[in-house]
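Q: Pulled these from TrEMBL:
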- 15-42: region 'Disordered' (REGION)
- 81-368: domain 'Protein kinase' (DOMAIN)
- K116: ATP binding site (BINDING)
- 413-436: region 'Disordered' (REGION)
- 417-430: compositional bias 'Basic residues' (COMPBIAS)
Amino acid sequence: MGVLRTSNWRPNFLHCFKPTDPNPDSTKSKKNGASSSSNRISLLDWSGPQSQLSVMSDLSNPVFNLHIFTMRELQKVTSNFTRSNYLGEGGFGTVFKGFVDAKLRPGLEPQPVAVKVLDLDGSQGHREWLGLNLLQAEVIFLGQLKHDHLVNLIGYCCENEQRVLVYEYMERGNLEHLLFRSYAAALPWLTRLKIAVGAAKGLAFLHEEQKPVIYRDFKTSNILLDSEYNAKLSDFGLATDGPEGDETHVTTQVMGTEGYAAPEYVSTGHLTTMSDVFSFGVVLLELLTGRRSVDKKLPIREQVLTKWAKPFLKDTQRLDQIMDPRLEGQYSIEGAKKAAALAHQCLSHHDKCRPTMTKVVRTLERLLELNDISIGFFVYIVPSEVKNEKGCVMKCVEEKNCDEHKNGFEGELKVEGRRRKRHRSSKSKKGCSSSK
């Protein structure tokens, strides 16, 4: 994705800077954990030559209310970026875990943090420009916009060639890891819905700003989760201001991740809030199917998730063929149908046919109330023991609403479990061990 278009970012910044003459009386609105300014500074507001002032002389920024750390402080926070504090690779950088408190800087709430060190490829000039603009976008947006479903930016460092961002620490990492890489149990149906609702609320908040924000890089790896699986959007490096007034779109350089970008954005560079809605549809499809947006390991016809799955989304008779098999049928049938229909609408090739994120939130919240989730296998191990003829110790397995019968081998039981609205058989394992 490298088609060049007119961009909001200008490659003439070689120093860290902050806007001048901030308005201390800017009004803020708070609703459902949200906070934003009606006079929010945009990326374009930072592009004038009069605003190119170094922020290194300041330890706090009155406009963004962020801490400006030194590299020495961040080395202390992360134990010198030790391997034991390594969390992984984030967007455009490496992330380490750390801990901050008032001893480091007065006013800091004691808490674990995630420290992202921007590490960009390319020549020195390009690296400094891109690093500055990525940090710039994060500070401008997350420094002013506060919401329960946006990750909290605590501060940053812009020292020499270093570009570092400090966020709140999210215990469960990102959705991409939990959905595709984790060896733990699969995410349950209701947890997936909860994550989808939280991420949708984050996007809806951005789109409904007086100055709309287009996230532009919505994907599973940018959705962070706390200990309760509350979703928060992170990585605002590619975010940009949306169209205002009579404008229908903004034209910008095509950037993002393969498999998530809206088709009209890829082909024309025209960006709207509906571009984010398409990306949300892709993520919702990933939650339903358990498959990545693009997977080159699959057969050619199945490699691009939207092309493979879209024909199934409105066919209720075949929908179960694309549902994540790791759910083992334990999901709301009605909820899956409605979620699939919503994903199909979000993935429309006509951007005007896509729903707003506010409508998406309302639809998904209603799905959380459905209680027709199929019941999975429930196995109760009876404490009594029965000896078979060979002296093996057998533990009797009992299950409500199940049939037990001999499967042809002495001492073995085959348990056929029934789900509500479903019926499946599970092969039993030999349940005896040698006993003297």
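Heads up, the Cβ atoms here are built off N, Cα and C, so glycines get one too.
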Q: Within 10 angstroms of the C-beta of K116 (ATP binding site), what count of other C-beta atoms is obtained when all protein chains are considered?
A: 27
Q: When the pLDDT values for the domain 'Protein kinase' (81-368) are averaged, what is the result?
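A: Mean per-residue confidence for the domain 'Protein kinase' (81-368): 92 out of 100.
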Q: Can you check what DSSP calls the residue listed as 'ATP binding site', collapsed to helix, strand or coil?
A: strand
